[in-house]
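Here TrEMBL flags 1-31, 32-64, 65-97, 98-130, 130-162, 163-195 as repeat 'ANK'.
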Amino acid sequence: MNLHEAAKSGNIDEVRRLLEEEGINVNLVDDNGSSALHYAALYGHISIVRVLLDYGAEVNLQNNSMECSLRYAARYGYTDIAQMLLNHGARVDLQDSHNCSPLYWASYEGREEIVKLLLAHGANVNLLSDFSYPLSAAAITGNTEIARLLLKHGADPNLGDYKLSTSLHNAVFGRQTNTIKLLLDYNADINSKDHVGITPFQSACTEFINSPSQCLDMMKLLVAHIIKLKHTNPEITNVDAFIENESHM
């Protein structure tokens, strides 16, 4: 069994033996460019992470996909490991080959405690990946409490990704009514346009036409927000009637 296999399987005695008796390089990488620390973090073996760090494992080493150990801990919810890595100098905003930060993955996967930890260590809430922002990642998956944390720490709900889609676009696409309400409370722009000129409300209309029963609450929320903001038509007083009219346009 080599060092990487021992780290994967959680065999701490073998890890110690290889490091102490055979003098294996703690930062030795495999064909994927991954070190033993990568695998210990990926599989959640905190005791092995501790040993490897004690032997001088490079905490910010990135593999062939530019993935670091903190990225694994953040994505898969190992809060104690993430804390340990940060305590040993892990760079909180180190991005992978898709320019995703640990905060992006924690937000996408719904790892609330890790999001709190990363924010406490100064993670950039508005760091754009090849996909979107951390707030958009939380929005599309309906992780409303994480979205709230990000907004409280300065996340901009109106930033557009590479398709100019905002967090509100993504929340609508995911049909995440609670997150939509939160974003609107933080002044998300319902009239922002993506790269083909579609607004969140227009996208919601499409979703409603395709699945009216599943999207009714979402549409009511958006229409009520439009009425509150715009006051363009004083005759509109019934949200249900407005939705019925829109669905037949």
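Using the three backbone atoms N, Cα and C, a Cβ is placed for every residue, glycine included.
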List the helix, strand and coil residue totals of the repeat 'ANK' (32-64) as derived from DSSP.
16 helix, 0 strand, 17 coil
Contacting positions for the repeat 'ANK' (32-64) when only residues 6+ beyond its ends and CB under 8 Å are counted:
3-4, 6-8, 10, 12, 15-16, 19, 26, 70, 72-73, 76, 78, 80-81, 84-85, 88-91, 94, 96
Give the residue counts of the repeat 'ANK' (163-195) per reduced DSSP state, in the order helix, strand, coil.
16 helix, 0 strand, 17 coil
Average the pLDDT scores across the repeat 'ANK' (98-130) and report the rounded value.
98
Summed over the repeat 'ANK' (1-31), the DSSP helix, strand and coil counts are 16 helix, 0 strand, 15 coil
Taking DSSP helix as H, G and I and strand as E and B, the repeat 'ANK' (130-162) has 17 helix, 0 strand, 16 coil
